[in-house]
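Peer 1: Please read through the structure below; I'll follow up with questions.
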Amino acid sequence: MATAPPPAPCTAEDEEPPSMAPHVPREHREQHGKDAPPGFIPPMAAEDVAAVEAVLGYDFADKSLVELALTHGSFYYPYRPGDTYERLEYLGDGVLTCLMSREVFRTYRTLPPGPLTRLRAANVDTEKLARVAVLRGLHRFLRHKAPQLEGQIHVFIEEMCKYPVHSNGLLDPPKVLSDIVESLIGAIYFDSNFDQEEVWRVFRNLADPLISLETLGKHPVSELFEFCQKTRRGVKIMKDEWDKNLKVEVLIDGELVGSATYAQKKEIAQNRAAKAALDKLKETLGQTESELAPAHVSEPFDELDIPGTLNTNAS
């Protein structure tokens, strides 16, 4: 079967980000619903199923799995929800974790578990899979009626172009984007009679290029602690006020150096505040990232206990 050409990489210099327009205009879907009996859910058009198969490079024996893998619970509104992609998402999440574990284990023969875990996570986390959905155009086939979702996807598409590979915790991608990649992978796994090699072939093409040890970035909070350990500074991340004013502040040796506000998630505000503080410290010292020797910080940042620094505040 014909396969879709790979998308052009998204960069900050792109004149236009990838399209976020739904494949079928919402007004057409809603009109279809008005003309149909109450509770009727329009099936996915055969040409749409074929288009998704072309993107995936996989022909489904059971075409109904494509529709199921792309149906969000909101698509049934205002009626009781029917079958959605959630079970297939569960299946896809499990097989992707297994296959990516195998891939990094085989590729990096001497790498210890900490870096292997970070590599695996970076290639199957919410942001990476959301990028796959957008860059391959799969988001255009999502069947939903969530009123704010199109806007959230649009914001993510605009922001992701600032980070060509991964933002390392600075972006907040709509989870539904990663969900449909996992559900489609789950659908392929089920349709292929649980053929892991076929699933890996499809995902490897969809996710190309995978994040490698060379392109794996650092989490801003881990990097901030790392930087301050080397320069003998104390770090304190103030998160207690987020519930009141949605702001997280970073104190270095008791002085406010960086802050960020983000309403949806405290973690994103914390990461952005850490990045702001890190940038300010580097600017002050006249240092660039390339001048810093690599260090090994593999533990979750909320559990870091670095000598010479103040512990991060609890959430």
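Placed from the backbone N, Cα and C atoms, the Cβ positions cover glycine too.
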Peer 1: Of 100-126, 289-315, which range does TrEMBL call region 'Disordered'?
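Peer 2: Going through 100-126, 289-315 one by one, TrEMBL gives region 'Disordered' for 289-315.
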Peer 1: Can you tell me the mean pLDDT for the domain 'RNase III' (49-193)?
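Peer 2: A mean pLDDT of 95 is what the predicted model shows over the domain 'RNase III' (49-193).
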